[in-house]
Ligand SMILES: [Zn+2]
């Protein structure tokens with residue numbers, strides 16, 4: 001990854017000049033999702049090495065933290081192209097130090113104005129967490145790391161809640177947003193409004209992304 005802030009406005013086909021507002025970035029992202037849902041993506045045709053080469057310096061306008069689920073490819077569902085968004089994916093969009101450091105880099109060095117946390121329905125990582133808490137069997141290996149970080153959201157909803165799985169997904173997104181907003185290095189740009197953090201949910205059936213707490 002480059003360590004200098006991109007300065008050539010407009011050179012990246014899908015990117016945005018540094019200094020864009022969080023509101024504009026969010027509008028662009030959601031517009032891309034509407035193109036995807038309507039079956040009219042503008043970038044679906046240029047997923048080629050030539051398009052990658054033409055992107056030049058990266059000028060991303062958003063960083064997205066999503067799940068590894070193979071049904072939720074973030075560039076596709078937001079109709080984005082090379083250089084336009086930074087994507088981080090972990091099981092159950094778990095936020096850990098490596099992820100946080102990556103987001104801090106994108107915000108500080110690349111000047112990105114928007115962080116989006118995207119959960120999705122029927123998330124296997126949340127299911128695994130609910131199952132682990134119900135059975136009392138902590139999963140082996142590093143999977144326990146994911147379960148441990150999703151467990152507070154499940155516990156807040158409550159295992160007795162009939163809709164624990166879908167509700168825990170939403171709670172986990174909101175908890176992740178809250179954790180990002182509490183990060184000391186993100187506090188200053190958040191305070192001035194230079195950046196924003198948004199939580200959203202992806203509907204596997206329709207392809208639609210909806211904001212959990214619209215501004
Ligand atoms: Zn998932």
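A Cβ is built for glycine as well, from the same backbone N, Cα and C atoms used for every other residue.
Summarising the annotation, TrEMBL assigns region 'Disordered' to 1-21.
As annotated by TrEMBL, compositional bias 'Low complexity' applies to 1-11.
In sequence order, 66, 67, 69, 71, 72, 169, 201, 202, 203, 204 are the residues of the chain that are 6 or more apart from residue 120 (Zn(2+) binding site) and have a CB within less than 8 Å of its CB. According to TrEMBL, the feature Zn(2+) binding site maps to 67, 69, 120, 123.
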Item checked: Largest tally of Cβ atoms lying within 10 Å of a Cβ, found at which of the binding-site residues 67, 123 -> 123
Margin query: I want to verify one value. Collapsing DSSP to three states, which class is residue 120 (Zn(2+) binding site)?
Written below: strand
Check: Excluding 67, 69, 120, 123, which residues of the same chain place their Cβ within 8 Å of the centroid of the Cβ atoms of the recorded Zn(2+) site?
Finding: 66, 68, 71, 72, 92, 93, 119, 121, 122, 124, 125, 126, 169, 202
